Each structure stands twice: as C-alpha cells, then as structure tokens.
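Annotated features in Swiss-Prot:
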- 1-34: transit peptide (TRANSIT)
- K73: N6-acetyllysine (MOD_RES)
- K73: N6-succinyllysine (MOD_RES)
- C139: active site, acyl-thioester intermediate (ACT_SITE)
- 174-221: intramembrane segment (INTRAMEM)
- K189: N6-acetyllysine (MOD_RES)
- K189: N6-succinyllysine (MOD_RES)
- K191: N6-succinyllysine (MOD_RES)
- K292: N6-succinyllysine (MOD_RES)
- K294: N6-acetyllysine (MOD_RES)
- K294: N6-succinyllysine (MOD_RES)
- K299: N6-acetyllysine (MOD_RES)
- K333: N6-acetyllysine (MOD_RES)
- K333: N6-succinyllysine (MOD_RES)
- K349: N6-acetyllysine (MOD_RES)
- K362: N6-acetyllysine (MOD_RES)
- H429: site 'Increases nucleophilicity of active site Cys' (SITE)
- C459: active site, proton donor/acceptor (ACT_SITE)
Amino acid sequence: MISLLTYTLKNLPNTSKWALRFCMRPLSSSSQLQAAAASQTKSKKTLAKPNIRNIVVVDGVRTPFLLSGTSYKDLMPHDLARAALSGLLHRTSVPKDVVDYIIFGTVIQEVKTSNVAREAALGAGFSDKTPAHTVTMACISSNQAMTTAVGLIASGQCDVVVAGGVELMSDIPIRHSRKMRKMMLDLNKAKTLAQRLSIISKFRLNFLSPELPAVSEFSTSETMGHSADRLAAAFAISREEQDEYALRSHSLAKKAQDEGLLSDVVPFKVPGRDTVTQDNGIRPSSLDQMAKLKPAFIKPYGTVTAANSSFLTDGASAVLIMAEEKALAMGYKPKAYLRDFMYVSQDPKDQLLLGPTYATPKVLEKAGLTMNDIDVFEFHEAFSGQILANLKAMDSDWFAQNYMGRKAKVGLPPLEKFNNWGGSLSLGHPFGATGCRLVMAAANRLRKEGGQYGLVAACAAGGQGHAMIVEAYPK
C-alpha cells in the first residue's frame, strides 16, 4: 500500500468542498463560522431500541481549564477531580448514596493516588461503599469512562454512574534514572555495611540525571506534534490554513465565553488562591501575530506551532449518567441520550491522529444515520493540522477506498455546525477530561440550537479513536 505520507495532493480531490470552503475565505471572518444559526428541532426518528434501556446524561460540569503552571500548579490531580465531583453534586443535587459507581479517566497518574477516582470520591464525600475505578486510554480516557458507565447501566448492574476525567500537567512525575532506582532498591535489600559500601562504590554522577515522562509514542518513538506536522504535509495543509483554523477556534471560544454559553464550567476556589471562574487559555490573536511563531516540532520548515496546537492544560470534568427511568423517577429533566458509540485503532505511525475519520462512518452506520442527520459536531482539536487532515480524509473517496476499505467517503461536516463554541485548541485539553467536555458541549448546543443529533469524535495516542452519537432529550 502506498504510504499516506508520500502520497501527494494531486491524488486528493483538489476541488473538494473543503478545499473550496477553506481556501477561498478566512475562517475567522465568516459570520457562518461564528455561531450556528438557530434552527427548529427537526422531526427525525429517535435512536431508542426495543428492550434496551435508554441511558441519559442528566448534566455535567468541569472545572475551568487552565494553562499548566498557573493557578492549579500547587494542587494534586485528586484535588481537581474532587472539585469536579463537588461541582456536579451542587449542580444536580443528586443524593450521594444514590450513585452506584464512579469512573474517572486520566493519563499521567500520580503514584500516591493511582486510583484517582476512588480518592476524589472519598474527598468529595461519597460513601466509602461506592466503588470507583480509574481508566486510561490517552486522550479518550473520559470517553472510555462514560461508555463504561453506559455498559454498567445497560447491563442492569447500575442505575446511576458518575463518569469523569482529570489531568494535572503542572506537576508531572519525574523519576530518578533507572540506574539510580536500581541502586536504591539494592541498598534497601543490603544487610551488612560491606554490602552497602560495595553498592555505593558503583555510583556515578550520571545516575542523578532525571528520567522525564515520555512525550513520544512508545511504539514509534515519534512525538504527536511531529506526527501532526507530517500529517499536515501529507494532506498539503499549509501553515496559513492551520493558523486560520486556530484563530477560528479561539474566536468562537471567546464569543461563547462572553455570551455565557460555556455553562458546564463551575467556579473552583483554589486553596490559598482566588476563585477561578473561567478558562484562561482562550487568546484570540491575529494571523499576523501567529505567523511570527517558529515551528515547534519539525524545524525549520514545519507548519505546526504553539499557536495552532492545543496547550498543556490542567482540569477535570464529570457527568451524571442514569437510566432514563431512574432519572425521571427522581424528577430530573435529562439533557441528552447517550446512543451508539465506536472505538477504532489504526497504524500509529502514519495515521496516529486520524481516529475521527475511521470512527465516524462506523458509528453513523451503527446508528442508521448519515452526515446529513447530524446537527452538531464536536471534534477534539489536538492540532489544527490534525483537524484539517481528518476533514480532508473524510471528504476523499481515494482515502476511503485505499485505507478504509470503503466504497465511498463519509463526507465533510458542514463548518457552520462544527465546534461552534471553540475546541481544545482554545479551551484547553486536559488529556483525561476532554471527552466529557465534548459530550456536554454537544448536549448543550443541541438544546440551544434546536438540533436532535450530535456527533462527538476524538483521536488518541496509539493510533486510536472514538466517536459517539448524542441525541437531544425532548423538551
């Protein structure tokens, strides 16, 4: 098979809707892209299935997402997770003893609280009889937490589950070198002074060099940013196009923030600091300013920069998921149904960031829907180049036929329906918490805009991906 990264643009549809739409006008200046036009709820079939429980999102919250190294820098992950859980309890008034199970996603684990779901639950005042576990699946960890909750409820094991995610990039674990760790363990086992002196005599200064957390893929030894740069080149996505998309994300996020649309954000009183009330990474700039930045990964000719990449972020999120009959019995008005979902994986070398392209047609087929049925799209924005590459791949018959074994492309999401309240580029991306943010953004947008179906999709390290259909709850 021809390598994706050596396949040139001449083999992609030069006159695709995306090429025309994206290259002919600045994304930041189109009124269509500033917000979706309000529409009446369309009359479509529901995705309810006979003899299968309807599962709903009652509500969801998140702490403000902050640039790492700012107001959350002195906290631990369980502090943020506890804040999200406490915010959810306050928002929903759900009795703690009604919650059957708690699941949190995270990526970079703090050893002291390796099961951060359990520690955060206890810290938030949940019963010690409420089980909790932590999952990890890179950037789709909280997606996995939510779908695990769906499975527990669908199988009848639970009626009420809290799912969420957390990431604290301000204090990542930094270990001693392997040689130093081995020496310290050997010293701990030594029984005599002579044995200890013998071990110490082997010490060398380079043992003190710290072992930093890996930023590259274990299987390929390539950083995600480097992969994004190669992917952008493979799909002939220019630096200007990437900067335009990033500016769009920040502009829409700022607009949504100013209009009070980011209602899932709950204030958090940081111990010893002021109360944090909003995301602090939203930074509408200008294309001229963004163009001044140097490439961040492939130098000097790469196109991925700090401006068109998501930034290191601290934050936590949580959603209350219930069986519909339980929610109604408790007097709740749910926000949305969680419907079909799909996980995919592909080549982590050349297709690391193409999870949405692979997952989208599969979840649509599973749900019996088409792209035209979707009213709201919420895709994770790891990099501008990643988003634009996915959009081009989704709009390419050649890619569908040669890489996905499909007869035709799935099609291009209309930009007027796409990430209209900003995305990970602007709001931030705490690895373990983004999935819940995506679902709540879709649910809240459906309610605001009068749509019925939302599609959530994300890529993840390891060449994995996720997509889910969210259906608006009837008003």
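Note: Cβ is positioned from N, Cα and C throughout, glycine not excepted.
Its own atom aside, the Cβ of K73 (N6-acetyllysine) has 16 Cβ atoms within 10 angstroms in the protein chains shown. Annotation for K333 (N6-acetyllysine): same-chain Cβ neighbours under 8 Å, separated by at least 6 residues, are Y473.
DSSP assigns C459 (active site, proton donor/acceptor) to a strand. Within 10 Å of its Cβ, the residue among the recorded positions K189, H429 with the fewest other Cβ atoms is K189. Here the Cβ of K292 (N6-succinyllysine) has 10 other Cβ atoms within 10 Å, regardless of which shown protein chain they belong to. The recorded positions shown are C139, K294, K299, C459; of these, the one with its CA atom nearest the CA of K362 (N6-acetyllysine) is C459. K189 (N6-acetyllysine) sits 39 Å from the residue listed as 'active site, acyl-thioester intermediate', taking the Cα positions as reference. Listed in sequence order, the recorded positions near H429 (site 'Increases nucleophilicity of active site Cys') (C-alpha within 10 Å of its C-alpha) are C139, out of C139, K294, K299. Cα of the residue listed as 'active site, acyl-thioester intermediate' to Cα of C459 (active site, proton donor/acceptor): a span of 7 Å. Cα separation, C459 (active site, proton donor/acceptor) to K349 (N6-acetyllysine), rounded: 14 Å. Taking K73, K299, K349 as the modified residues under consideration, the smallest Cα distance to K292 (N6-succinyllysine) is found for K299. The Cα atom of K73 (N6-acetyllysine) lies nearest to that of K294, taking the modified residues K191, K294, K299, K349 as the candidates.
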